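Q: The structure's right below; bear with me while I get my questions together.
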Amino acid sequence: MADESSDAAGEPQPAPAPVRRRSSANYRAYATEPHAKKKSKISASRKLQLKTLMLQIAKQEMEREAEERRGEKGRVLRTRCQPLELDGLGFEELQDLCRQLHARVDKVDEERYDVEAKVTKNITEIADLTQKIYDLRGKFKRPTLRRVRISADAMMQALLGTRAKESLDLRAHLKQVKKEDIEKENREVGDWRKNIDALSGMEGRKKKFEG
C-alpha cells in the first residue's frame, strides 16, 4: 500500500479541464439556435394613434408660438407708433412734428442697419467655425465635378507645364535627313558596278563585245 501511494504521489496528475463560463455558452447557443423575434408590446394601431397625437401637439405648439410672435409685434408697434394728435396744431407745430418723425425714422434705420451688420457677422463666423470643424474632422466638402473631354497633349500640358512640350517632341533630338540626300545615296548605290568597271579598265572591253 505504501508503494502504491508513493507511485501515485510521484506521477504528475492531469490538468483539470477548462470550465466554460455560462455567459459565453449561452451567447453561443443564442447565436446558433433559431429563436423567434420578440413581438412589440404596442400594436400598429396604437403606434399610429400616438403618432397622430404627437403631430397634433406639435401643430398646436407651432400655432401658439406664431400667435405669441404676432402679439409681440403688435405690442412693439403700439409702443413705437403711437397715434398722432393733429387737432389744433398750427403750421409751425406740424413742421416740428414732421421733423421729429423724420428723426425717429432715421434712428430706426440706423438700428436696423446695425442689427443686419451683426447678423451678417454672426453668419460669417458660424460658417468659418463650421468649416474649421470639417477641417479638423477631415471631412471636406467635395465640389460637384463634371466630365470634361481632354486630349493626351492637354493632359500632359496640365501635369508637366512647360516641360510637356519638350517631352512630347520626340523627334527634336533625331537627325534630320533631307530628301535630296536620300536620292543621292540611292543613285550612288545603284551605280556601284559602273564605278568598279571604270576603275578596273573593263568598261572599254565590254563595249567591244557588245558592239
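Cβ coordinates are placed from backbone N, Cα and C, and glycine is handled just like the others.
Feature table excerpt (Swiss-Prot):
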type    : residues : note
REGION  : 1-24     : region 'Disordered'
MOD_RES : Ser6     : phosphoserine
MOD_RES : Ser23    : phosphoserine
MOD_RES : Ser24    : phosphoserine
MOD_RES : Tyr27    : phosphotyrosine
REGION  : 33-80    : region 'Involved in binding TNC'
MOD_RES : Ser43    : phosphoserine
MOD_RES : Ser45    : phosphoserine
MOD_RES : Thr52    : phosphothreonine
MOD_RES : Thr79    : phosphothreonine
SITE    : Cys81    : site 'Involved in TNI-TNT interactions'
SITE    : Cys98    : site 'Involved in TNI-TNT interactions'
REGION  : 130-151  : region 'Involved in binding TNC and actin'
MOD_RES : Thr144   : phosphothreonine
MOD_RES : Ser151   : phosphoserine
MOD_RES : Ser167   : phosphoserine
MOD_RES : Ser200   : phosphoserine
Q: Reported as an integer number of Å, what is the Cα distance between Cys81 (site 'Involved in TNI-TNT interactions') and Cys98 (site 'Involved in TNI-TNT interactions')?
A: 14
Q: What residues, ordered by sequence, lie under 8 A Cβ-to-Cβ from Ser45 (phosphoserine) and sit at least six positions away in the same chain?
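A: None - Ser45 (phosphoserine) has no non-local Cβ neighbours under 8 Å at 6 or more residues apart.
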Q: May I ask for the distance between Ser151 (phosphoserine) and Cys98 (site 'Involved in TNI-TNT interactions'), taken between their Cα atoms and rounded to an integer number of Å?
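A: Cα-Cα, rounded: 72 Å.
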Q: If you average the pLDDT over the region 'Involved in binding TNC and actin' (130-151), what number do you get?
A: 74
Q: Could you tell me which of these modified residues, Ser43, Thr52, Thr79, Thr144, Ser151, has the fewest other Cβ atoms within 10 Å of its Cβ?
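A: It is Thr144 that, of the modified residues Ser43, Thr52, Thr79, Thr144, Ser151, has the fewest other Cβ atoms within 10 Å.
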Q: Expressed to the nearest Å, what is the distance separating Thr79 (phosphothreonine) and Cys98 (site 'Involved in TNI-TNT interactions') at their Cα atoms?
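A: Computed Cα spacing between Thr79 (phosphothreonine) and Cys98 (site 'Involved in TNI-TNT interactions') is 19 Å.
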Q: How many other Cβ atoms are found within 10 Å of the Cβ atom of Cys81 (site 'Involved in TNI-TNT interactions'), counting all protein chains shown?
A: 9
Q: How many Å separate the Cα atoms of Ser43 (phosphoserine) and Cys98 (site 'Involved in TNI-TNT interactions')?
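A: On Cα coordinates alone, these residues lie 70 Å apart.
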Q: Taking the Cβ of Cys98 (site 'Involved in TNI-TNT interactions') as centre, how many other Cβ atoms lie within 10 Å?
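A: Around Cys98 (site 'Involved in TNI-TNT interactions'), other Cβ atoms within 10 Å: 10.
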Q: Rounded to the nearest angstrom, how far is the Cα of Thr144 (phosphothreonine) from the Cα of Cys98 (site 'Involved in TNI-TNT interactions')?
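A: Per the Cα atoms, Cys98 (site 'Involved in TNI-TNT interactions') and Thr144 (phosphothreonine) stand 56 Å apart.
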Q: Quick one: Cα separation, Thr52 (phosphothreonine) versus Thr144 (phosphothreonine), in Å?
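A: Just about 40 Å between their Cα atoms.
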